[in-house]
């Protein structure tokens, strides 16, 4: 993004919940990447008219408009696959919040469609742009893992909208894969008390060097959003996360990466490595879901 913008890509934001609202804010602010982007409007199932002078347009108009060259998909996870397919087929570039889809096979198919159409398909992973992850990456590099665990707690999520816990929690899985490489699944169980809105998924994973990693997602009303981690290395241990600072502008950092892709400034090697990681995480999430369902 060093050069002056030769032209701006017209953007539509689909879904105006938390992520969509932040995307609209970043597109309207003065920053390096938004200089290459022109916010045309937003799409929502609700009749909103306009938000902060940004007009609502219909999905049909967004798909058919020659002004719209890029779609930001910020709707609930269950709708991502359908929206991505429609916008790729209409010849638009796509940025989508994670998870891209709720199945590995669908994601693989959509990536093939993007390649056929010559369009950028970018899955957001803001958790990799957090200060906590940067700290962990430095702590882990060059160390031999003996065993590790990551517990995430939060309030309940609707599975119909956000997918099975292995998919709605895929950012935690992405952390583990990004820190320790590709993982294999040993076992997975799901404990549920639907009357209490309680859910606990326990996943036992293994690194390529056979070191065990446990990932737990626990959701219930009143549970605070928190991560508890424990990594034991030959050279010592890391127990829980120190306060490493505020996560600033992580969605904007993600937008910067997306614009670099639009401008052809990301190498084929980097793109291939990112795609491999994303598909591996989606495949693992699908295998975890199968294990949990077969154990019920």
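Numbers here mean position along the shown chain, with the first residue as 1.
Here the Cβ of each residue, glycine as well, is placed from N, Cα and C on the backbone.
Heads up, TrEMBL stuff is auto-annotated, nobody curated it.
Annotation comment: TrEMBL describes 16, 17, 18, 19, 44, 45, 46, 77, 78, 79, 80, 98 as NADP(+) binding site. Here TrEMBL flags 280, 281, 292, 293 as Zn(2+) binding site. Residues annotated as domain 'Gfo/Idh/MocA-like oxidoreductase N-terminal' in TrEMBL: 9-125. Among the features that TrEMBL reports, domain 'Biliverdin reductase catalytic' is placed at 133-243.
Everything TrEMBL records as a feature, shown here on the structure.
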| residue | record | Cβ contacts under 8 Å, 6 or more apart |
| --- | --- | --- |
| 16 | NADP(+) binding site | 24, 42, 44, 48, 51, 74 |
| 18 | NADP(+) binding site | none |
| 46 | NADP(+) binding site | none |
| 78 | NADP(+) binding site | 102, 160, 161, 162, 163 |
| 80 | NADP(+) binding site | 73, 96, 97, 99, 100, 101, 102 |
| 280 | Zn(2+) binding site | 177, 182 |
| 281 | Zn(2+) binding site | 170, 173, 174, 177 |
| 292 | Zn(2+) binding site | 164, 166, 188, 189, 190, 201 |
| 293 | Zn(2+) binding site | 190 |
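Take the CB of residue 44 (NADP(+) binding site) and look out to 10 A: across all protein chains shown you find 20 other CB atoms.
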